[in-house]
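Written below as structure tokens is the structure these notes are about.
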Amino acid sequence: MKTVVVSAVFFCCLALATATQYSCKAQAVQFPAFKSMENECIALMKHQVQKELNAALTYLAMAAHFSEDQVNRPGFAKMFFESANEEREHAIKFIEYLLMRGELETDIKDLISDPYPVRGLTWDSGLAALKNALALEVNVTKSINEIIKKCENPDVGENDYHLVDYLTGEFLDEQYKGQRELAGQISTLGKMTKSLGDLGEYMFDKKLLDGELPVLG
């Protein structure tokens, strides 16, 4: 161990002496360009990050609303807190993909510069919140499909098959399943509140809290 330490000290001293004696400047590393995404596809992907963050903030607002003492629907709050986390993770995945393709090397100021405002949103009932959530998911799915259509057949350049395959496999399946689950929950809760009123919403909330109903994907 002593030998290793002495050797390390020796080389450090040698490096310092050499740096003092000679003036040297490291050359920038040159490597072949590997970026291949079309500018419009990049812009659409960056915009999708904003969409996902908007969804996350909206779900966070929903969760906070149903956590209020005067509302007190812990099942809905639990579901929407989990949904907010999932949408945030989606935004991270889009950022990671852009980084992997080399499209966020230096300038990221426009990536998450101004999330959409969600202030003032209120929900009169759990059913209203579920309908809002479904509309939100449909909008996100539509946006992802628009990226796929544009980047599968861009006006200039080659088709971005990797991006299209990534979006289709990583996101669309989850989006469509989540929409179907929400539609089913809206139908179930609508029937329960129609026949039982507020008691129906209470029972539905209890099922959400106990994990008897699927959460958003």
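Each residue, glycine too, has its Cβ placed from N, Cα and C.
Taken from TrEMBL, the feature signal peptide applies to 1-19.
Taken from TrEMBL, the feature domain 'Ferritin-like diiron' applies to 35-193. Per-residue pLDDT, averaged along the domain 'Ferritin-like diiron' (35-193), amounts to 89 for this model.
Remark: Glu87 (Fe cation binding site) has Glu52, Leu53, Ala55, Ala56, Tyr59 as non-local neighbours, by Cβ distance under 8 Å and separation of at least 6 in sequence. What TrEMBL lists as Fe cation binding site is Glu52, Glu87, His90, Glu137, Gln175.
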Beyond the site residues Glu52, Glu87, His90, Glu137, Gln175: chain residues whose C-beta lies within 8 Å of the centroid, for Fe cation: Lys51, Ala55, Glu86, Val140, Phe171, Gly178
